[in-house]
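Encoded as structure tokens, the structure appears first; notes follow it.
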């Protein structure tokens, strides 16, 4: 597949997602980085977003809850270039009924080459990166070219 460049803006659009057993960990992480996150636009699946907003006072654009379609809403935003970073604390020790949605969300984040953190260490690496609040060019699929090839 041919690639093109997308520039992630200095003010990132960050999606926050956490499975039930990981929500408190995400809350503590957001609280720890609240001052920096306040400079960015936050999105989240429903329950997570409402909990983060209530706990921190940060403005969070909440989608539906993950099992009700929120993971897919976030995935669609990634595919549309409307999410720049995904912080997704998922629970590897407990199965969730919407596991196919989880896999699809992670697949889309990989396809569209956005930074993804699935644990505390990676989330800290991303947010503490010197480039976190700068613009950043990333390679993404050249969808118009992909579509043109498929329609030949």
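Glycine too: its Cβ is placed from the backbone N, Cα and C atoms.
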Cross-ref Swiss-Prot: substrate site 19, 23, 45, 46, 47, 48, 65, 66; candidate in list 33, 98 matching that site is 98
Here the Cα-Cα span from residue 45 (substrate binding site) to residue 71 (active site, proton donor/acceptor), rounded to a whole number of angstrom, reaches 7
Taking DSSP helix as H, G and I and strand as E and B, the domain 'MGS-like' (6-152) has 70 helix, 29 strand, 48 coil
Out of the binding-site residues 19, 98, the residue with the smallest number of other Cβ atoms within 10 Å is 98
One should report the C-alpha separation between residue 65 (substrate binding site) and residue 71 (active site, proton donor/acceptor), rounded to whole angstrom, as 8
Whole-Å Cα distance, residue 19 (substrate binding site) to residue 71 (active site, proton donor/acceptor), is 11
